[in-house]
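Worksheet: one structure, shown below.
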Amino acid sequence: MFYREAGDFNTSYAEDQQTFPIKFDRYRYYVVLFIAIFVVPFIINDYWANSFLLPFLIYAIAAIGLNILVGYCGQVSLGTGGFMAVGAYACYKLMTAMPDVSMFIHVLLAGLITAAVGVLFGLPSLRIKGFYLAVATLAAQFFLVWLFNRVPWFYNYSASGQINAPERDTFGILITGPNTEAWATYMFCLIFTIASALVARNLTRGSVGRKWMAIRDMDIAAEIIGVNPLRAKLTAFAVSSFFIGISGALFFSIYLGAVEVGEVFGITKSFLVLFMIIIGGLGSIFGSFAGAAFLVLLPVLLKIVGVDWLGWPTDIVAHLQLVIVGGLIVVFLIAEPHGLAQLWRVAKEKLRLWPFPH
Amino acid sequence: MPEQLAFTIEVFLNGLMAGVLYALVALGFVLIYKASGIFNYAQGVMALFAAMTLVGIQNGQVPFSHLINAILGTDVHHFGWHVHSAIAIVFTVAVMVVLAVCVQRFVFRHLVGQEPIILFMATIGLAYFLEGVADLMWGSEIKSLNVCAAEGACLPQGLNMWIDETTYNAFGYGFFIDNLDIVASIVAIILVVGLVMFAQYTKQGRAMRAVADDHQAALSVGVSLNFIWILVWSLAGFVALVAGIMWGAKSGVQFSLSLIALKALPVLMLGGFTSIPGAIVGGLIIGVGEKLFEFLIGAPFLGGATENWFAYMLALLFLVFRPQGLFGEKIIERV
């Protein structure tokens, strides 16, 4: 009834190619942005920030990054945890080496460093494909975690082997360390999340993104029609690692504050982010958000239902969570390989006609 | 014999034994991959599941007892009997066959014709699912596993004294080799010979090779794909059980058992996904390579614990030069 393109006349090419061509979608997008920026910071409290909003925003960035590599370029990577660790440790080294520089710069630099590492580990993708490559990226995962565990320079020779985020501010507002306000950390992450989504969306619909998708759909055919596989694959690795590095830096400095690399950035983290994009939708920016929200909320919900309402022991709930996540992955791959994003798309198609049958 | 050289040889031998165990896990991967083109990441969790089921049946644990207690408020844990190892193994094999049928019936039958990478991700989901089910069924605490044929005839533990003494008398330096590793090597050899015989000389084995060669051609001469896939998953379940017994007896039945899948992946990349001899040779190379690297370079110069990534780096370097592995079939691509 209200969700249709009738009466919405585009008068320029720019209008014709905008991200949300339907008026209702566009307004919905503005409303979501408005609420996220101008409403949530005033009502946020520590519980909501730490149990849902911060992990959601940070995982969304990681999921966007991995989605670029897996969903758009078709190169499956299981090294996400390792690349997040690179972002975290790069951020830590920068924070301790240059205390006066703004955190914005540190996080961006951490992203750039991760991009360089990502390109290095992306080089084998030129020779090997499919799950051979997936297994090869495990090399990055194990090697990087080992490196940060064993080389004392990376954790500044601290006795515990952990890294702890020192107190840093941006424009006079404290955003890392133990004495932060919930709204400040939330806004800091939100800015990065919105920027990442915008950049990713515009990259993937431009010529770079089309080259990635050509490589994904059939790499030899893409090569024949003139896509340079070297550049396409390596840019995908670089951009993807850049986002994942940013999310790793935020995960360490803003969300956790202290990190033990094997525990936080182990292989389970790689699988978690991969599951987010499978459930959310491969090759979709919205899907990255949906998947991140889903897998961040699921444990919280299960804990509320299982432990608080039913009074079950926590270990049973934790095992049940494994069963549910694993089962969902299989169900989604069988029933809806494009994930929650596709369900959303189908719903929108239905809305266009509703309430008329044809 | 100089001390250092003897020590290196000992590390080499231990690496060889570890390699046999890696090969044992890798074998399960190769079986499924050859017959159905599925790269089964869940193989390690299957080994864990099999070992836990075996221990559970041996000790007469009630399956899902924690869950039942939590829901019904009861307090049941054990049936109160102990089952002989041989009978427990038979029951476990039966459970693995049921599992194979379920996996085939509910998961992979719906994914026929999908891209390999989708199948791979489905097996990751399957691994999580199985791990959760195993924990719910038998509890997640570390269990000790011992398989006994009769009273006093269990899987041996500890060092082999005979080798220690003989080599000490011969070279003036006693080699430390675990009894269990020797048994594992013998079992692995028997298993491989058995599997090769099965594939070469039985009707089902021939059908299995036909399916591996060409699905459609096999289908057109009357081979039931469904049956072969169930057969192959059951065989992989059996191999997982053997691997689970060996690793479980070595280091206890616990979550880390499922991580042996991660050890087997570089073995496969090195040996080629489609070759049984490749899995063996790859396993030996990785086992010896990582132990020697840790001993000669890792521990003295790099701070140790290099075993985690050495195999992957080796496989990665190797793949860049020979993408199909040592014994794999050449990859031919067409547009």
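Heads up, residue numbers simply count up from 1 along the chain you see.
Using the three backbone atoms N, Cα and C, a Cβ is placed for every residue, glycine included.
Proximity of distant same-chain residues to the transmembrane segment (A:27-44), defined by a Cβ-Cβ separation under 8 Å and at least 6 residues beyond the stretch ends, is recorded for 20, 53, 182-183, 186-187, 190, 194. Marked as transmembrane segment by TrEMBL: A:27-44 (among others).
According to TrEMBL, the feature transmembrane segment maps to A:50-69 (among others). Sequence-distant contacts of the transmembrane segment (A:50-69) (same chain, at least 6 residues past either end, Cβ-Cβ under 8 Å): 40, 44, 75, 77, 80, 84, 182, 185-186, 189-190, 192-193, 196-197, 200, 203-204, 212, 236-237, 239-244, 246-248, 250-251, 254-255, 272-274, 276-277, 280, 282-285, 287-289, 291-293, 295-297, 300.
Counting residues 6+ beyond its ends, the transmembrane segment (A:76-95) has Cβ neighbours under 8 Å at 62, 65-66, 69-70, 101, 103, 106-107, 109-111, 113-114, 117-118, 121, 130-131, 133-135, 137-145, 148, 154-156, 163, 165-166, 168, 176, 240-241, 244-249, 251-253, 259, 261, 264-271, 273-274 in the same chain. According to TrEMBL, the feature transmembrane segment maps to A:76-95 (among others).
The annotation transmembrane segment is assigned in TrEMBL to A:101-123 (among others).
Look at TrEMBL and you will find A:130-148 (among others) tagged as transmembrane segment. Residues of the same chain lying 6 or more positions beyond the ends of the transmembrane segment (A:130-148) and with a Cβ under 8 Å from any Cβ of it are 75-83, 85-86, 89, 117, 121, 124, 154-155, 261-262, 265-267, 270.
Annotation comment: TrEMBL describes A:183-203 (among others) as transmembrane segment. Listed as Cβ neighbours of the transmembrane segment (A:183-203) (distance under 8 Å, sequence separation of 6 or more from its ends, same chain) are residues 19, 33, 36-37, 40-42, 44, 49, 53-54, 57-58, 60-61, 64-65, 67-68, 103, 107, 170, 173-175, 209, 239, 243, 246, 250, 254-255, 285, 289.
Look at TrEMBL and you will find A:234-258 (among others) tagged as transmembrane segment.
Residues 59, 62-63, 66-67, 70-71, 77-82, 84-85, 88, 138, 141-142, 145, 148, 244, 248, 251-252, 256, 288-292, 294-295, 325, 328-329, 332-333, 337-342 of the same chain sit 6 or more residues outside the transmembrane segment (A:264-282) yet have a Cβ under 8 Å from a Cβ within it. The annotation transmembrane segment is assigned in TrEMBL to A:264-282 (among others).
Taken from TrEMBL, the feature transmembrane segment covers A:289-310 (among others).
TrEMBL lists A:316-335 (among others) with the feature transmembrane segment. Within the chain, the transmembrane segment (A:316-335) has long-range Cβ neighbours (under 8 A, six or more residues past its boundaries) at 275, 278-279, 295, 298-299, 302-303, 306-307.
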